[in-house]
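Below is one structure, written out as structure tokens, with a few remarks after it.
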Amino acid sequence: MANVTLRSVRKTYPGGFEAIKGVDVDVGDGQFCVLVGPSGCGKSTLLRMVAGLETVTGGEIDIGGRVVNGIEPADRDIAMVFQNYALYPHMSVYNNMAYGLRNRGMAEAEIKTRVEEAARILELAPMLERKPRQLSGGQRQRVAMGRAIVRQPKVFLFDEPLSNLDAKLRIAMRVEIRKLQRRLNTTSIYVTHDQLEAMTLADILVVMNGGQVEQIGNPLEIYEKPATTFVASFIGAPPMNLMSTRPEEIRSQLAGSNAADAGILGIRPEDFVITEETPAGGVALPLTVEAIERVGAETFVYGSREQEDQHVAATPGELPPGEVIVRIPGTGAPAIGARIRVAAVRAKLHLFSGDGRKRIEA
Amino acid sequence: MVEEEGFRRYIAHIVLWIGIAVVAFPVYLAFVASTQDNAVIANGQMSLLPGGHFFKTYYQTIFVGTSGTTREPVGHMMLNSLVMALLIAVGKIAISIISAYAIVYFRFPFRMSIFWLIFITLMLPVEVRIYPTYKIVADLHMLDSYAGLSLPLIASATATLLFRQFFMTVPDELLEASRIDGAGPFRFFWDTLLPLSRTNMAALFVILFILGWNQYLWPLLITTRDDMQTIQIGIRKMITTTDALTEWPVVMATAVLAMLPPVFVVVAMQKLFVRGLVETEK
């Protein structure tokens, strides 16, 4: 049981590349913290620094009230689950889990109790004598989890543990990881690039971009009040529609309040409704339907706006300029080529400064 | 494999049988000669079927040796060869796996220089540096000893490179998992890297054992005593006689015996060797 605190942590590689540019995160005891961001944003590097697999260039990493910057991974009282599981291929499942305990000089009887307990929790009991190559992907994943559990560490570290599994198994394992973490109540840090995984698992969500933290907070809070356009387009699928407020059509609808300072307007696809009315203070847009995606419970309408001049700073996951996604219920959809009018109420508008770095409350 | 139809399949089989015959017939002939009487061979009337002197010849070869030339039972020569080949194979594997481990997993000053230094020794086989090597072995009083026979042949750039290439395919996460599991460099080497290299070591052992077994020039130079000579030298000495008939049955029996250990090693290691090729998972 421990807090994990990162205090202005930096990482600069010998070549001069700055992977982490000063990160402050505070993970409370028993909390599940998810680091999310596009590939190359430094989330894995940060996790590996907590594990002790990468050196820290600046700042402090504190686990349970002890600064661990110079301490070996084995002595940090952490356990890590790797993306490719990193099971020892020549050892049985039992020995894979027991190895770390044996290296610590634990009595064989105690090891047996712990491994069998972990195997019971993870439903691995019938496979203890098998080798990793005789297991399926999901089972290997569970062994990797088991190896972490038996150690009873202060902190679990997960490095994209589900990305090698197929979609169905990924969802099942996601739920299992969450249940397990709740049950063991162990502080966890989890790295993923999948925003859905991040939203569903996290107590605290840390959105990272380019070696910096964009926003820290409760997942729903981040969803409802993204601090930057990067967070706005990264969290939520399909991504938030971002558009410039410069065109007269939008500027006139936003008139009043402090919306005038805003350079970028964001509206989530699910906040639009197809209607001929314009809600008071809201925004309405005429669209030409370009494509329809039906996924059963909901339907995504891809529409284009007439104006060509809007351009918003390009960030990952962002839509091409002029394209708007609208999410509507699964029943009924406009025909392709039809001209429709969509509107969103005032409370659902997100306003950002022109460079996308600052949220403006309307 | 593509299934060949009718005529083409027979052609393929005939070609294969011709290949087998070309390789196997001399070996068969050597075996037949080793079971015949020397007089029959000497007057050129050797039959193509095994004769009746099998036990007599092989008993004499293994326990007594030829009457005149080498004065040493072949059994003892085989022991010398075996010790030398084993020392070379095991020594080469041990030295090269350790140096490859150092080069791949540790960052120390001049690491790459040392790697290249090892690499360029590929261009300096024993034959090229035979005089200085002989001088060193002589100065160390290792002539006519197993150490002298094997030590100079143990350093191996090829095996070091092979292990280096293999280590580089082992995922880094395995090392990291070991570090988190509290295994230091020695434990990682012993508990993880060695077991993973098992099939590579087996393949190398086969190659290096045969290489060691077939050494001729080096043992010829540094062994002078009869009781230190290897089987390859022994065969050569048996053939050259000055005033007597060459004892061909014994020579042929020695040749057959010299073939057996490499064959045994290949057959015994084959399973591990093939499994190493089939098992792709690291």
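Each Cβ is built from the backbone N, Cα and C atoms, and glycine gets one as well.
The transmembrane segment annotation in TrEMBL covers B:12-31 (among others).
What TrEMBL lists as domain 'ABC transmembrane type-1' is B:78-269.
Annotation comment: TrEMBL describes B:82-106 (among others) as transmembrane segment. Non-local neighbours of the transmembrane segment (B:82-106) in the same chain are 114-115, 118, 146, 149-151, 153-156, 159-164, 166-168, 175, 185, 188-189, 193-194, 197, 201, 204-205, 208-213, 215, 219, 230, 261; each lies 6+ residues outside the stretch with a CB under 8 Å from one of its CB atoms.
Annotation comment: TrEMBL describes B:113-134 (among others) as transmembrane segment.
Here TrEMBL flags B:146-167 (among others) as transmembrane segment.
The transmembrane segment feature in TrEMBL is assigned to B:248-269 (among others).
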Exercise. Sort out for me which stretch, of B:113-134, B:146-167, B:248-269, has the most Cβ pairs below 8 angstroms to the transmembrane segment (B:12-31).
Key: B:248-269
Quiz item: What same-chain residues lie close to the transmembrane segment (B:113-134): Cβ under 8 Å, and 6 or more beyond its ends?
Solution: 99, 103, 152-153, 155, 157-158, 160-161, 164, 217-218, 221-222
Quiz prompt | Distant-in-sequence neighbours of the transmembrane segment (B:248-269), which means Cβ under 8 A and at least six residues beyond its ends | solution = 27, 30-31, 33-38, 41-42, 53, 57-58, 60-62, 65-66, 74, 77-78, 81-82, 85, 202-203, 205-206, 209-210, 213-214, 231-232, 234-235, 238-239
